[in-house]
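S.K.: One structure, as structure tokens, below. Some questions next.
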Amino acid sequence: MSKLTTGSFSIEDLESVQITINNIVGAAKEAAEEKAKELVNAGPTLFAGLESYRDDWNFKLLDRYEPVITPMCDQCCYCTYGPCDLSGNKRGACGIDMLGHNGREFFLRVITGTACHAAHGRHLLDHLIETFGEDLPLNLGQSNVLTPNITISTGLSPKTLGEVKPAMEYVEEQLTQLLATVHAGQESAEIDYDSKALFSGSLDHVGMEISDIVQVTAYDFPRADPEAPLIEIGMGTIDKSKPFLCVIGHNVAGVTYMMDYMEDHDLTDKMEIAGLCCTAIDLTRYKEADRRPPYAKVIGSMSKELKVIRSGMPDVIVVDEQCVRGDIVPEAQKLMIPVIASNPKIMYGLPNRTDADVDETIEELRSGKIPGCVMLDYDKLGEICIRLTMEMAPIRDASGITAIPTDEEFTNWVMKCADCGACMIACPEELDIPEAMGFAKEGDYSYLDILHDQCIGCRRCEQVCKKEIPILNIIEKAAQKQISEEKGLMRAGRGQVSDAEIRAEGLNLVMGTTPGIIAIIGCPNYPEGTKDVYYIAEEFLKRNFIVVTTGCGAMDIGMFKDEDGKTLYERFPGGFECGGLANIGSCVSNAHITGAAEKVAAIFAQRTLEGNLAEIGDYVLNRVGACGLAWGAFSQKASSIGTGCNILGIPAVLGPHSSKYRRALIAKNYEEDKWKVYDARNGQEMAIPPAPEFLLTTAETWQEAIPMMAKACIRPSDNNMGRSIKLTHWMELHKKYLGSKPEDWWKFVRNEADLPLATREALLKELEKEHGWEIDWKRKKVISGPKIKFDVSAQPTNLKRLCKEA
């Protein structure tokens, strides 16, 4: 085909000519930008760029919540000038210092996570438009506010798949700009890297929102459904007598074709399909909008991947993208398990059979001629995976292949342990494997059994063992009874929080009478096993907090039962309500959690969403009690999700490993000048309590995290009843888990009505004796003492431009 050159041509004299114009690059976004400019009440940051939030909002956050850096090392190895020693306030050859370099390191993690979700969204959007067409209406349930994150960043409110495209192009364009700042000789100021990280976090929630709204719409996922079906979860739920197809990753597009093939060929009760990570959550949402009886199952999080493979249960493994182990092919190959890569982001060096014949490909995989293949044609993928699973099952059953040792092999391996401690040093969780091996030598396997839940399945211990003991296999052998009983229930991801739920809870959240929203999200890098998140969720649910979950956290909460044999999903309702446990969905569903906070501002307070992030973030920071928990955070995506919460004024608590992200955002509660805002009624300064006192921090134990999170739900706008309720929970939890009353509780008291009702008199005495407050004991009222005054009609804001005098 000849190359078109610049110029013009005429078709005046041609006959029967048809000209088809498909996509004009950038045209959709340009048209959307022009349309957004026509909005009457839009905020100041339509299609926000790198600098848009910097001065008006980000720097205000960073002034109060100062970055606390935790470098992993003192060197910079970015370019060929290096490596440069940045210790002792030295600068590198390019001029950057440790602060700037560390800011860049954290920022790089955030944009990596943002890119991951954005690419996920792009893949789904393109595939679903190709399959269902651009005109498919977005259907997320009974809501009018469908896309709060898209709207807050761009001003757009898409109603169809096609109308989502400009928002996708916007995220991709800004990601390119952000990535460019990482290059040597670009940004060097730590505070500006933090500002850019916050901006990237906001983009991450747009990318996640795109991913979930298009799949909820096209795949008939539950739509804001508080009674979505309960799904079986755990390794013990797999029927070993049936062929088993195991899917791993986060992008469910290809898996839907496998499920369609199973249903078309009446195989849903003749084989097992189950998953790990968020693909597992989303495959159990597929076609569940009408609450049909589910047949797909969830095994668990990334920490279970190697454990499941070593068990020998899967007959075929299919991977897509994100949080997939890098050693799946060699591990599966040892056990005759074919591996099929269904997404170009993970191809493992496998031969590409996308254009090959289905029968020939199945024969290559069945015979072991190739260990696996790349298959990007989803129609073929669905057929190959199901047929291959049915064919591999009898072959593998006949061979009896498993990595789990026999009783004799188990004893021999245990006796080989030299108690050198190398495994414990290598273990990310510092598990006392030598101690467990010592007890096993004496016939007590309970210590190894306990390690099963605490072990994250990384096999670092095996690689340093001088005796070449397959330590993971030993642990799994000892835990066989526990594994067989690992049967829980998880509510299928329900999707967005509906407008009706926001109207019902908005007032309670802003006034403080609903104590807060606790969002349990993130990965499985827990310091002491998965049950930590169960304990945390149960504590807050019993205290009438709204608990929302996604991803690995949602799975792990469903793994455990009470003395009556019920999981938390069975014990508590699935709505966005006081004492409700709402599984929102997979990782990309996290956008609906920030979306819920944004919808409180939009629906309850009638604040403009369009291009108005700073005002919405200001509203949430001052009025909506919410705190995130990523107790096992390990990935770059976790850092971008958390940072996206931070820019909206939502604090997050991370587990002890998360200091490796290199940065926290912590305020100094004793710097009184940092705890002043404007009263929007008149522009006058007003003092507020130090709440929340961090945006991003870590805790050492789950017992420390619980009171920390309860405190982080206190907000300046709480009314007396709300403040009293929140102080009650915080002080009780502090006493329960840390053994004492918090030292700074009095800083949050504005008058006697703020005090917990049951202990009001005792606390008034303490205020008088310890802090010099004047108390009218006849009326039991505070006469003087508080530095913070209570005014029920005050309108706290950090933004001077929102004041009436402005």
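Glycine is no exception: its Cβ is also placed from the backbone N, Cα and C atoms.
Sharing the feature lines straight out of Swiss-Prot:
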BINDING   CYS73, CYS77  [4Fe-4S] cluster 1 binding site
BINDING   CYS76, CYS79, CYS84, CYS94  [4Fe-4S] cluster 2 binding site
BINDING   HIS117  CO binding site
BINDING   HIS250, CYS278, CYS323, CYS523, CYS552, CYS587  [Ni-4Fe-4S] cluster binding site
DOMAIN    407-436  domain '4Fe-4S ferredoxin-type 1'
BINDING   CYS417, CYS420, CYS423, CYS465  [4Fe-4S] cluster 3 binding site
BINDING   CYS427, CYS455, CYS458, CYS461  [4Fe-4S] cluster 4 binding site
DOMAIN    446-475  domain '4Fe-4S ferredoxin-type 2'
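Map these features onto the structure and tell me what's around them.
M.R.: Mapped onto three states, the DSSP output places CYS73 ([4Fe-4S] cluster 1 binding site) in coil. Shown in sequence order, the list is empty: the chain has no residue 6+ apart in sequence with a C-beta less than 8 angstroms from the C-beta of CYS73 ([4Fe-4S] cluster 1 binding site).
Following the DSSP three-state reduction, the secondary structure of CYS79 ([4Fe-4S] cluster 2 binding site) is coil.
Here the Cβ of HIS117 (CO binding site) has 30 other Cβ atoms within 10 Å, regardless of which shown protein chain they belong to.
CYS323 ([Ni-4Fe-4S] cluster binding site): 23 other CB atoms within 10 A of its CB, across all protein chains.
Beyond its flanks by at least six residues, the domain '4Fe-4S ferredoxin-type 1' (407-436) meets 447-448, 450-451, 454-456, 458, 460-467, 469-471, 473-475, 477-478, 525-528, 657 of its own chain at Cβ-Cβ distances under 8 Å.
Using a 10 Å Cβ-Cβ cutoff, CYS420 ([4Fe-4S] cluster 3 binding site) registers 13 neighbours.
Under the DSSP three-state reduction, CYS461 ([4Fe-4S] cluster 4 binding site) is assigned to helix. All protein chains included, CYS461 ([4Fe-4S] cluster 4 binding site) registers 23 other Cβ atoms within 10 Å of its own Cβ.
Note on the domain '4Fe-4S ferredoxin-type 2' (446-475): mean pLDDT across this stretch is 97.
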S.K.: Using all protein chains in view, find how many other C-beta atoms are within 10 Å of the C-beta of CYS76 ([4Fe-4S] cluster 2 binding site).
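M.R.: A count of 25.
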S.K.: Could you check what DSSP calls CYS417 ([4Fe-4S] cluster 3 binding site) once collapsed to helix, strand or coil?
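M.R.: The residue in question, CYS417 ([4Fe-4S] cluster 3 binding site), is coil (DSSP, three-state).
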S.K.: Note the Cβ centroid of CYS427, CYS455, CYS458, CYS461, the recorded [4Fe-4S] cluster 4 site, then list each other residue of that chain whose Cβ lies within 8 Å of it, in sequence.
M.R.: CYS423, ALA426, PRO428, GLU429, LEU431, ILE433, ILE456, GLY457, ARG459, ARG460, ILE471, LEU472
S.K.: In which DSSP state, out of helix, strand and coil, do we find HIS117 (CO binding site)?
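M.R.: Going by the DSSP assignment, HIS117 (CO binding site) falls within a helical segment, counted as helix.
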S.K.: Between the binding-site residues CYS79, CYS84, CYS427, CYS455, CYS465, whose Cβ has more other Cβ atoms within 10 Å than any of the rest?
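M.R.: Comparing the binding-site residues CYS79, CYS84, CYS427, CYS455, CYS465, the most crowded Cβ belongs to CYS455.
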S.K.: For the recorded [4Fe-4S] cluster 3 site, enumerate neighbouring residues of the same chain (Cβ within 8 Å of the Cβ centroid of CYS417, CYS420, CYS423, CYS465, site residues themselves excluded), in sequence order.
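M.R.: Near the [4Fe-4S] cluster 3 site, the remaining chain residues are ALA418, ASP419, GLY421, ALA422, ILE433, PRO434, MET437, CYS461, VAL464, LYS466, LYS467, ILE469, ILE471.
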S.K.: So among CYS323, CYS420, CYS455, CYS465, all listed as binding-site residues, which is physically nearest to HIS117 (CO binding site)? Use the C-alpha atoms.
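M.R.: Comparing Cα positions, the candidate nearest HIS117 (CO binding site) turns out to be CYS323.
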S.K.: Could you find out if DSSP has CYS523 ([Ni-4Fe-4S] cluster binding site) as helix, strand or coil?
M.R.: coil
S.K.: Other than CYS76, CYS79, CYS84, CYS94 themselves, what residues in this chain have Cβ atoms within 8 Å of the centroid of the [4Fe-4S] cluster 2 site's Cβ atoms?
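M.R.: Everything else in range on the chain: CYS77, TYR78, TYR81, GLY82, PRO83, GLY92, ALA93, ILE96, HIS101, ALA184.
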